[in-house]
Amino acid sequence: MDLKFNSSRKYISITVPSKTQAMSPHIKSIDDIVVLGINLSRFNKLTQFFICVAGVLVFYLIYGYIQELIFSVEGFKPYGWYLTLVQFAFYSIFGLIELQLIQDKRRRIPGKTYMIIAFLTVGTMGLSNTSLGYLNYPTQVIFKCCKLIPVMLGGVFIQGKHYNVADVCAALCMSLGLIWFTLADSTVAPNFNLTGVILISLALCADAVIGNVQEKAMKLHNASNSEMVLYSYSIGFVYILLGLTCTSGLGPAVTFCSKDPVRTYGYAFLFSLTGYFGISFVLALIKIFGALFAVTVTTGRKGMTIVLSFIFFAKPFTFQYVWSGLLVVLGIFLNVYSKNMDKIRLPSLYDVINKTVEVRRSGTLAQTV
């Protein structure tokens, strides 16, 4: 269809292509979800789910192993923030490379939003890495397993979501399991420090907010995973660099790592590479299935990481770890169950409270009559 306006000085032509005409590659790529060169939009939901879950499990299991391996290097524990700085630098490079390989290179999410996301990313990853200087790795991981709790709170306050009874029960199971696991760790671990608990708790709070903010921003602006990674981690790199420079923590870290660059920077590169691949699949999960579902998958991965940690790295052990871990697993199961049993349509906590109030009111009215 053509619309033309012609005069002695102006000529306007607007052309709308018919359905049979091919759209430009740029327009086609708007709704595509591409992860590491794989266009997930070509597959059905079930296939997308299995690809994303497989990517998360494979790359993040290696990521967790290398992370504990880095902190097993003698003298490295005080330099968790520097590891995060190197990690953010690698993530920015990887994101820039991937962004150059896709057709749409425009930044869709506003810069102010990225500054907030970058700050939250620095908080969750920096505090998480630093907490390993004070906690055993399984304790840090079990805290991460309970990220569902703050994510649910963030979903309520940020996106106005309502969760059903099973989700609330899952959160309660995870909370009890987390408390029990922490008490066990404080009993058997000689290097247990409350500072580590505070750090990882703050990291979880930031992680809860960032998942919901990322989901909202990616759906609202239809941004690609590579764009999200590039801008959030490059801005976060600047934040950490300024922080280390102001606190004089950059020099000692560089000096220490330069003594054994193969183990420190080599491990950091593999750590960042597997983490980047993993976060790409996590962002795809967030974009396709939502933040809460992505957290459920990554939580299951963390449970497997705990088992591998006890197998590959020597550390104190008590069966209280097992019982508390099973309680957390029960919470995960309840959450997965609620997300896959749509036909049952369990009532939300909000509906249960309203129904209880109505029953009480009707009972009071009956007694009055």
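Including glycine, each Cβ sits where the backbone N, Cα and C put it.
Outside the transmembrane segment (49-67) by six or more residues, the chain places 35-36, 38, 40, 43, 129, 132, 137, 141, 267, 270-271, 274-275, 277-278, 280-282, 284-285, 288-289, 297-298, 301-302, 304-305, 308-309, 312 with a CB less than 8 A from a CB of the stretch. Summarising the annotation, TrEMBL assigns transmembrane segment to 49-67 (among others).
Sequence-distant contacts of the transmembrane segment (79-102) (same chain, six or more residues past either end, CB-CB distance under 8 Å): 29, 34, 36-37, 70-71, 122, 125-126, 129-133, 224, 226-227, 229-231, 233-234, 236-237, 240-241, 243-244, 249-250, 252-254, 256-257, 265, 268-269, 271-273, 275-276, 279-280. The transmembrane segment annotation in TrEMBL covers 79-102 (among others).
Non-local neighbours of the transmembrane segment (114-135) in the same chain are 67-68, 71, 77-78, 80-81, 83-84, 87-88, 144, 185, 189, 191-193, 195-197, 199-200, 202-207, 209-210, 213-214, 217, 228, 231-236, 239-240; each lies 6+ residues outside the stretch with a CB under 8 Å from one of its CB atoms. As annotated by TrEMBL, transmembrane segment applies to 114-135 (among others).
Positions annotated as transmembrane segment by TrEMBL: 141-158 (among others).
Annotation source TrEMBL lists transmembrane segment at 165-183 (among others).
Residues annotated as transmembrane segment in TrEMBL: 189-210 (among others).
The transmembrane segment annotation in TrEMBL covers 230-253 (among others).
Sequence annotations record features per position, and here TrEMBL assigns transmembrane segment to 265-285 (among others).
Annotation source TrEMBL lists transmembrane segment at 292-314 (among others).
Annotation comment: TrEMBL describes 320-337 (among others) as transmembrane segment.
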